[in-house]
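The CoA binding site feature in TrEMBL is assigned to 207, 208, 209, 210, 325, 349, 537, 597. Annotation source TrEMBL lists ATP binding site at 401, 402, 403, 425, 426, 427, 428, 429, 430, 514, 529, 540. Here TrEMBL flags 551, 553, 556 as Mg(2+) binding site. For 101-492, the entry in TrEMBL reads domain 'AMP-dependent synthetase/ligase'. Taken from TrEMBL, the feature domain 'AMP-binding enzyme C-terminal' applies to 545-622. The feature N6-acetyllysine is assigned by TrEMBL to 622.
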Ligand code: WTA
């Protein structure tokens, strides 16, 4: 095969020919009904982003005091590289998410439909939510929490977790939610970095029927968290807990004494709303800082646009509140819109592999938002779990967190969506605060594997190493050319790193850290993190491309591709594969190599194929590529690679941050 032929065939996996236009019935009642309509709005917003956002901010948020300046943005050549939106205004994110609906007569609408892992459930209206949040806000005040104080939250996915976040917002405290799977060490690091004053947790958390000892882990962390004065404990599992008198308080005791009268505190538009720690390319987690008005508006509008919010929707986002998706699309976005949100506490396969589908049937979920890693697990578990349930209430499906392989996209489309539901593949990051690129489901036809087009007010540019914009179909670094209201406002306590990571490499633009290309239809294809892209014999290869090719083979459940040093090629492709039912034989290894060669081309053919029972993943479900790279490079001892290895066990030896 000539090199021209090879590079043409590389493109075939990611250049999906299939186009899925929005179903007529869907477009008919959608917010954006046609591509033309989207383009008109996008062009107008791009011509004057501040004017576009100003109008929305005035109309859609409640203002205690109106803002006087829409955007204060020192061109990033100067200091401090931080955009300020809606300057001079005062609002409150909790008010916008709760009180506004009650004030406008929608207090009886259900806000949260909660399903506990053991099968218990609870429903809360917006009016009830207002009472609970107000009481807990008073409880926090009784512990001395004042505006600007940091509150760490390490809780299971219970309604109280959302109540805690909103209660912080209500009184201007800054929450830092720490996913309830992190270690004591990780909690302490975050507490110390944020200077946390109060810690919220629970006695335990249900996970596949077992009670995890959250309070014990927190106690271990608090021994190393000098700034923490109080710890509030929700009783969830009822297990025995260690107790420190004076420092520890039961949630229910505080609530019993708390008054439900706690008006939302008017906060500056740019008052910090929360910190959320996320992993960077180096070891130390970054405390991504988001502020009040811009974030709240961005979460609300992007929720309404992308999920085509309708008053009667039952919306379910499966993300944990420990991640940005839980912040923006379980709490701040849908609640600002006044949506009814399903919240589920536990694992997708407890008590059985059909739990998600059972929940969809039970609550008649109409909009479902989950991650490709979950979708691939469902595929592996088998269609019989899906077939047991009536999923006809669904009208829209979403995906987030990583690129969705075309194969998984097709399964999601046919098996879950019954070929009638559009799929929104949403590209964004903890840093962006909300979705940046996604199909608007009534307007933009989907191409499986592409996050399609930027939302109104978002101006992406793909640039080369010199910062020059590249042409259609040329890969490059994804940047954003104009500030948007949901953007991060810095890294907590680390201005230098903020500048260095996001603003130094490409002057004047936000550097996302992903590679992407834009095809001639203006569709964007994310090619993985900058450091996940392989360079094999001078050719740019995305790990996702290779993984997609492998997953399209009937024997393969999940695949991860990494580069390893190679004398001649620079980098060689090494892949890690989990199988559905097939035997891990040498024949199959050969067959898979040929399959990738067939799907992508000779240069993408893996040099190594290793079979594994499970891929090592971070607790947020991301494949631990650095660990795999070390295994592939022979830096990590794994024993005999001709047998099936359980690399997930190795992951436990590593810091979860990667
Ligand atoms: C990746 C999650 C391809 C990407 C909201 C990004 C995606 C990182 C997609 C952010 C997508 C997220 N297609 N890649 N639809 N969504 N990513 O901060 O590499 O946990 O930079 O935010 O996930 O991950 P984070």
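The backbone N, Cα and C atoms fix where each Cβ goes, and this holds for glycine too.
For residue 556 (Mg(2+) binding site), applying a Cβ distance below 8 Å and a minimum sequence separation of six or more within one chain yields 550, 577, 578, 579, 580, 592. Around the Cβ of residue 349 (CoA binding site), the number of neighbouring Cβ atoms within 10 Å comes to 15. With the fewest other C-beta atoms within 10 Å around its C-beta, 622 stands out among the recorded positions 553, 597, 622. Per-residue confidence over the domain 'AMP-binding enzyme C-terminal' (545-622) averages 88 (mean pLDDT, predicted model). Filtering 210, 430, 529 by Cβ distance to ligand 1 (under 6 A) retains the following binding-site residues: 430, 529. Cα of residue 597 (CoA binding site) to Cα of residue 551 (Mg(2+) binding site): a distance of 14 Å. Ranked by CA distance from residue 428 (ATP binding site), the binding-site residues 208, 210, 349, 551, 553 have 551 at the top as the closest. Each of the binding-site residues 208, 529 was scored by the number of other CB atoms within 10 A of its CB, and the lowest score belongs to 208. Across the domain 'AMP-binding enzyme C-terminal' (545-622), the DSSP tally of helix, strand and coil residues reads 24 helix, 27 strand, 27 coil. For residue 529 (ATP binding site) paired with residue 551 (Mg(2+) binding site), the C-alpha to C-alpha distance reads 20 Å. The C-beta environment of residue 551 (Mg(2+) binding site), restricted to residues of the same chain at least 6 apart in sequence and closer than 8 Å, consists of 376, 405, 407, 408, 557, 558, 559.
Sorted by the number of other CB atoms within 10 A, the binding-site residues 207, 210 start with 210, the lowest. For residue 430 (ATP binding site), the same-chain residues 6+ apart in sequence whose C-beta sits under 8 angstroms from its C-beta are 276, 278, 288, 323, 324, 488. Excluding the listed site residues 551, 553, 556, the same chain places 407, 549, 550, 552, 554, 555, 557, 559, 577, 592, 595 with Cβ atoms within 8 Å of the centre of the Mg(2+) site Cβ atoms. Under DSSP, residue 325 (CoA binding site) is assigned to a helix (H, G or I) in the three-state scheme. All protein chains included, residue 401 (ATP binding site) registers 20 other Cβ atoms within 10 Å of its own Cβ.
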